[in-house]
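In what follows, a structure is listed as structure tokens, so that the remarks can point back to it.
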Amino acid sequence: MLIRASLGMAVAMSLIGLAQTVWQLLLLRLLAGLLGGYASGATILVATQTPKARSGWALGVLSSGIMAGSLAVPLIGGVLPPLIGIRNTFFLAGGVIFITFLATLLLLSEMPRKAPSRATDSALPAVVKLSGEQRRMITCMFVVASLVMFSTMSVEPIITVYLRQLKTDNVTMMAGVVMSATALGSILAASRLGRLADRIGYLPVLASCLAMTALTLIPQAWVSNVWQLAALRFFMGLALGGLLPCVAAIIRHTVPNEVAGRMLGYSTSSQYLGQVLGPLAGGLLGGYLGMGSVFLGTAMVLAACSIMVGRMGMIRTPVSSKL
């Protein structure tokens with residue numbers, strides 16, 4: 001999967017530099033999306049190949065790397081076009097991704113795993129084989145993963161409008177600063193929270209991070225300047241850093257090894273669903289009820305997730321006792 005994703009993205013990004021019309025650009029962007037998925041594939045690889053006792057730390061380190069890229073690439077992408085041109089920027093991006101393809105092909109090796117039997121060749125038998133408690137835990141994690149991305153992305157369409165309401169100068173740049181503050185917080189916290197979860201349990205850390213994220217969202221509805229918002233987004237990023245690594249680790253610990261990759265793939269799909277629905281809901285809510293309602297609404301969603309995860313942890317079962 002990683003080899004296919006990196007090679008496909010390298011080709012697609014290079015072809016974007018050759019686009020002559022808007023429709024060609026649109027189709028090539030669609031192709032890039034279809035061929036992508038390196039980050040999600042890397043998450044599955046790390047989760048399934050790392051010893052269970054250190055999966056939280058390993059996924060946290062990976063999450064920090066992904067967030068670091070998310071923070072640095074927009075800045076680099078803003079600097080390069082004036083220097084080398086827009087088309088050459090896409091060619092350069094394709095070349096960098098091709099180097100990633102070569103590194104993946106030559107440097108990564110996957111430990112052999114037990115070949116799936118005919119009974120686990122399809123997704124349905126894999127789910128049916130899980131116990132009722134395992135299915136409840138996995139379903140809970142799918143919901144949490146989707147709602148985390150839903151809540152995170154719901155702010156995207158309204159952030160510049162919100163900054164204008166705060167009488168902010170240079171809105172575009174400050175919007176980047178505010179969003180980067182969240183990523184910076186996640187970079188600093190992800191591996192540490194992952195290590196903490198390995199030591200004291202994934203469900204307590206996940207529930208606590210969800211609650212802290214909700215608490216930091218509430219005052220964002222009433223800030224009076226952009227620096228207050230950036231500070232709150234940074235502290236929110238600290239809590240966000242522990243969410244998705246814990247979700248992936250819980251799934252990894254809950255299901256048998258032979259279906260772990262498939263279940264983690266479903267978790268990634270649920271995250272993409274949240275990424276799609278979040279901006280739509282945030283834009284609609286902000287348009288009808290005001291910008292502050294988006295922060296309060298997402299805080300309520302994450303608080304509900306925290307309560308749900310906390311209840312799962314309080315009910316001592318063979319599954320939850322390991323988490």
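Using N, Cα and C of the backbone, Cβ positions are placed for all residues, glycine too.
Your range for transmembrane segment, going by TrEMBL and the list 116-137, 138-159, is 138-159. The domain 'Major facilitator superfamily (MFS) profile' (1-321) scores a mean pLDDT of 85 in the predicted structure.
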